[in-house]
């Protein structure tokens, strides 16, 4: 089944805050550089790459010398505004090193749910990919809000990456996190926890196994990743959950190596 990953042409890569920010709050420039190199190389191979990148608030905290994430919405959105600009500046520097053009795409949930604007977003993605430009996507944290009568947030970038995967009809979603894949238990607590190599169906039992929030600077936990996988499988697409500490692991994933957890419809096959 994993050999089919070698044939994936249109690929969405999602990187979490934990892959971009050290636990002490500093920006992991080495990881960002490695990510830019990897995605640029894949683009040169003829792959169509879309990057969904978290990290706006984490980078903003670093830029503003703040050690604690703000609690009020206006403060969080101000930090995100500062961080998004700085994050794109860093990406632009690193991708330029490898002569790869990139573009920023900021989305909110209402834009995707309204058919006309959703169609415009899809057309923009198609045009960027046609021009061999890597779109870098994030939720527009500066304006997105979550209210009962006006819901504009996706929830987190795990959901956003699955939605992007859906609207561009990608072959594969590669979700890079701070964990090696989906385990039978929390591997940081239980050393006997086993890694699922392949999951074909998302059920309540799996959600029971998933628990806890994400990193101090991010929002997504394992339940969020399961929800994203559920959306991906519903659209007959595939998703890999793997550790993003070394972004070049994407090369090995696309070679079909047994890395992380593969979420895909159907059972085990000889291929």
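Positions of Cβ are set from backbone N, Cα and C atoms, glycine also.
Within 33, 141, 180, the residue that Swiss-Prot lists together with 54, 157 for binding substrate is 141. For the pair formed by residue 14 (ATP binding site) and residue 157 (substrate binding site), distance between Cα atoms is given as 8 Å, rounded to the nearest Å. Cα-Cα distance from residue 178 (ATP binding site) to residue 141 (substrate binding site): 22 Å (rounded to the nearest whole number). Other Cβ atoms within 10 Å of the Cβ of residue 157 (substrate binding site), summed over all protein chains shown, number 29. Ranking the binding-site residues 141, 178 by how many other Cβ atoms lie within 10 angstroms of each Cβ puts 178 at the bottom.
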